[in-house]
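Below: the structure, in structure tokens.
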Amino acid sequence: MTTNDTWFTEHFQTTGSAIGFRVTGKLDEVQSPFQKIEIYNSTDWGKLMVIDGALMLTSRDNFLYHEMISHPALFTHTAPKCVVIIGGGDCGTLREVLKHPDIEQVTQCDIDEQVTRMAEKHFPELCTSNNDPRATLLFSDGVAYMADCPTNSVDVIIVDSTDPVGPAKGLFNRTFYESCFRALKNDGLLIQQSESPLALLELIKEMRHEMSKAGFKAFKTLPFPQPCYPTGWWSVTLSSKQPNANFAFRQTDAQTKPFDTLYYNAHLHHGVLVPPPFIAHALGE
């Protein structure tokens, strides 16, 4: 990462590329016990949240990520009631999950309370569901939380984490996935952010391999645009305990959903289930 008076620029060694945003200044900064969190104001993308030098979200395009990490799983499950979010400290995913009126309980567990406090201060539009009576916000280690989670108690687990380094590294291995597998009901689903399919397909393959070793039987990686992330293209990976899962979704419910979205809809969901040939070939689909 480099900054000067007018630009925030992030360099990506894994992709040999960089992305920059014109900024008017730094609005806030806090060093938590886990990471450094900064907030910048940009000229065209609203506010930026940066963690340890890596851009996490912008006001302008965060809806893409938050909608795609939540609604595909919730409309694929036949009747989700109990949801766990691991990570998700900016609370945008929590907001999207609680748009579903039949959700009864959401527990969000993020290791760093300061991420949520900075989001509440600078991105209040993401935090509108923080006081929903169905929501419980915990600030502790997500790996430990899932290890202690009761067996067969959760319908959908959403892993809304940073990249697989630092505090989030433990969210990408077999031990964590075994905890998720045990906590999910038989028809439960796991969905996790899975980086750029254009640049990091090997990481996605390794994730799916670790999930498979933990017992998951079927997988579907869903790509979507994300301009502020490396390559401008991101993905989430959906996993099922059922060997014959085809990830059919409740299309009528998605078409008649009683809430607004900016990106997700039933037609898009149908299309994203058909991967581009290069992804299908690499992942053996």
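Positions of Cβ are set from backbone N, Cα and C atoms, glycine also.
These features come from Swiss-Prot:
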- D160: active site, proton acceptor (ACT_SITE)
- Q35, D110, D141, G142, P167: S-methyl-5'-thioadenosine binding site (BINDING)
- H66, D90, D160, S161, T162, D163: spermidine binding site (BINDING)
- 5-241: domain 'PABS' (DOMAIN)
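Straight-line distance linking the Cα atoms of D160 (active site, proton acceptor) and H66 (spermidine binding site), rounded to a whole number, equals 9 Å. Within 10 Å of the C-beta atom of T162 (spermidine binding site) sit 20 other C-beta atoms, taking all shown protein chains into account. Per-residue confidence over the domain 'PABS' (5-241) averages 96 (mean pLDDT, predicted model).
In sequence order, G92, T93, R95, E96, L126 are the residues of the chain that are 6 or more apart from H66 (spermidine binding site) and have a CB within less than 8 Å of its CB. Applying an 8 A CB threshold to same-chain residues 6+ apart, the list for D110 (S-methyl-5'-thioadenosine binding site) reads I86, G87, G88, G89, T116, L137, L138, F139, G142. Largest CA to CA distance in the spermidine binding set (H66, D90, D160, S161, T162, D163): 16 Å, whole number.
Taking the C-alpha positions, the distance from T162 (spermidine binding site) to Q35 (S-methyl-5'-thioadenosine binding site) comes to 11 Å.
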